[in-house]
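Peer 1: So TrEMBL lists the following for this protein:
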DOMAIN    1-298  domain 'SPX'
TRANSMEM  349-372  transmembrane segment
TRANSMEM  392-413  transmembrane segment
TRANSMEM  437-456  transmembrane segment
TRANSMEM  476-494  transmembrane segment
DOMAIN    557-742  domain 'EXS'
TRANSMEM  560-577  transmembrane segment
TRANSMEM  597-613  transmembrane segment
TRANSMEM  620-640  transmembrane segment
TRANSMEM  669-689  transmembrane segment
Amino acid sequence: MKYGKEFSSQMVSEWQQAYMDYDYLKKCLKHKDHHGGGLNRKMTLDSLFSCLQLFTPRTQRLGNSQDIEGGVQKTKSTTTTGPIQVETTADGQVQTKFLMEEEVGEYEREFFGRLDKEFNKVIKFYEEKVEKVLKEEEGLKGELGALITAGSKHNDTKYWLENPERCGREERDEEISPLVAAISPSSPVGAKFVIEEGESSRVGQSEDGAIESADAMDTSMMSNNTRGNIKEPKKSELSLNKTKLREKEKKLEHAYVTLYRKLLDIQNYSFSNAKAFSKILKKYEKIASRDARKPYMEVVDSSYLGSSDEVVRLTKRVEEDFIKHFAEDNRTKGMNILRPKMTRERHRLTFSTGFSAGCVFSLIVALVSIIRTRNILQNDGQDVYMNTMFPLYSWFGFVMLHIIVYAANIYYWRRYRINYSKILDFKQGTELGHRQVLLVAFSIGVFALLCVLANLDMEVDPETKDYQAFTELLPLFLLIGIFGVLFLPFKFFYHSKRQFYLTCLFHCIAAPFYKVSFADSFLGDQFTSQVQALRSFEFYICYYGWGDFKHRENSCSKSHAYKGFFFIVAVIPFVSRLLQCLRRLFDDKDPDHRWNGLKYFLTIVAVCFRTAYSIQPAQIAWRVLAIIFSVVAAIFGTYWDFVHDWGLLNQKSKNHWLRDNLLIPQKEVYFIAMILNVLLRFAWIQTVLDFNLPFRHSTQTMVAVVASLEIIRRGIWNFFRLEKEHLKNVKQESSHGGDKGT
């Protein structure tokens, strides 16, 4: 791998603008080399203009108006070796001068001018990051002291804070008072500490994501009272206090882990940039035949970037505090939390994924062959069979397709370096690769197709005709098996991801009662594209709950209760998203959430009218209302997708009708995606135009096709939604020095 790609792969996604612009410096050196005659050759006006274009600042190309530059050393210093002299000015700026001006060409002046600017930018960003984490660590120390005191106050001997092995009782009397006193409105971090990771972080979005100063001041009174003067709390109060303390402990532990990850990123930033400066200067020496790397690298090594050990010492302190207070002085346990081992994709995973994909393809071919050779769909009584079996097995198809689309999302998010794990708040080390996700999808497909083939074989075989009830139970057994694996508490088969999914699912169900994270709203949007799968699940309950499977009768469509729930099930995902919008409006006071909620309200009305028309197609009024509200909802939803969710259609953007920052270099991809989004959004038209295919069972086929198209549309939406969120994170990191995340 060439160093440019290696350097790019090591970057923190949100900090890409702050790294040394290695690619453009390398391009400029190549540009000089291709002109021949050495670097000190005098330039023509055209070649100078070409190189100046290459030296356009990367922050300007990416649409960032902020010019990041600065230095560290506050006293003027000079390093001279070889043909250049590197000075650090009084204001901390690094500046390169040439000892033999008459032998230096314009290319070299431009190259070192750009190199100095990149170095000053890197130094300033590094300083800002170090200052930020120092303040965060100071705030966490105060929070930890307040939490220790709170645990002592409630005299909870079983609680971890009272365990001498975990917190060190012998040091508590000396440490608590200054730590608690540090938590005041005048402290650098204020009266409470908040780790803001934006919409993608649960810590930054929970209502008590920080420990309130009132709690800290209340517990600080312990230094003026003895244990004997404290009244014993009631059991209910003690239980409540213990619960709150454990919640705060959990949040504080998460805050320490987040801080530690930031420190590792800062260390990586320092090392990667120092190495990049050495590499680019080595290339310069090779082309120019001048000794310039040694004097310049002496400045780099002696700067704050290369010589400061503050981050290393801070990392060690955070490790010690975390192991002592959150890992029972067990270093192995603590380091496994702070530095979880990344799961590597093994060859057997690739083989299993490919093998299962081949099985799915083979089973589909076998299924089509059996249906055609035995003429199953044309036999008498097969209409009833298809009307019952199709909704039962289509559920697996919709779920499988959605998982495949999600795997494609992961592949392209990684390809274009979109930090989806941070945006969705995945625990580090538990992210699934696209092959792992595909293995889940194809495994479901294999079992579902095996059940279909077994069902058909038992249906047409006279010897198994008597086992009709068992035949009908096959899809139910498979469904129970899938949900059993999903809900099993044992640590196997992606346990952490299953827990994360179930937590987000519960938050979607109880939308008004939990502060909404980005992952919660993202999952809610996925369910809005799975309405048909939810209706299939309703059919499972009706078909097996009311005993129709024993006689292979489909009486569900005749039941008024079933028709009523047919409405309710279809709007549940949209109601959940509407409630999430209202909760976010209450929490954030952002009027955009009001308009987003209106979008889901219009969709709810449109879905209700379309459902009413599908139940009573003779009613022209239902058809007219369904068309009107569906058109309005589709237009509103399309506009919201383009402008708010994807950030496109910006007339003033340098990329006309798109946005300033684009991760995909081919602009036509965005226009194609917008066209596809419009076409797929209006796929519902067939439900009100009564468009049917010219063959048997066309109704079920059209339902499956439209539902599948909506899932594909959601997959396209997923990529551009997270791209926009990622760019928002990048902009905030570069604008505020990383103080805030998205």
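Heads up, the Cβ atoms here are built off N, Cα and C, so glycines get one too.
Note that TrEMBL annotation is computational and uncurated.
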Peer 1: For the transmembrane segment (476-494), find every same-chain residue at least 6 residues outside the stretch whose CB is under 8 Å from a CB in it, and list them.
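Peer 2: For the transmembrane segment (476-494), the far contacts come to 392, 395-396, 430, 432, 436, 440, 444, 447-448, 451, 501-502, 540, 544, 549.
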Peer 1: Same chain only, please: residues at least 6 beyond the ends of the transmembrane segment (669-689) with a C-beta under 8 Å from a C-beta of the stretch. Say none if there are none.
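Peer 2: For the transmembrane segment (669-689), the sequence-distant neighbours (Cβ-Cβ under 8 Å, at least 6 residues beyond its ends) are 610, 613-614, 623, 626-627, 630, 634, 637-638, 641-642, 648, 657-658, 662, 702, 706, 709-710, 712-713, 716-717, 720.
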Peer 1: Excluding the flanking five residues on each side, which residues at least 6 beyond the ends of the transmembrane segment (349-372) place their CB within less than 8 Å of a CB in that stretch?
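Peer 2: Residues packing against the transmembrane segment (349-372) from afar: 435-436, 438-439, 442-443, 445-446, 449-450, 452-453, 456-457.
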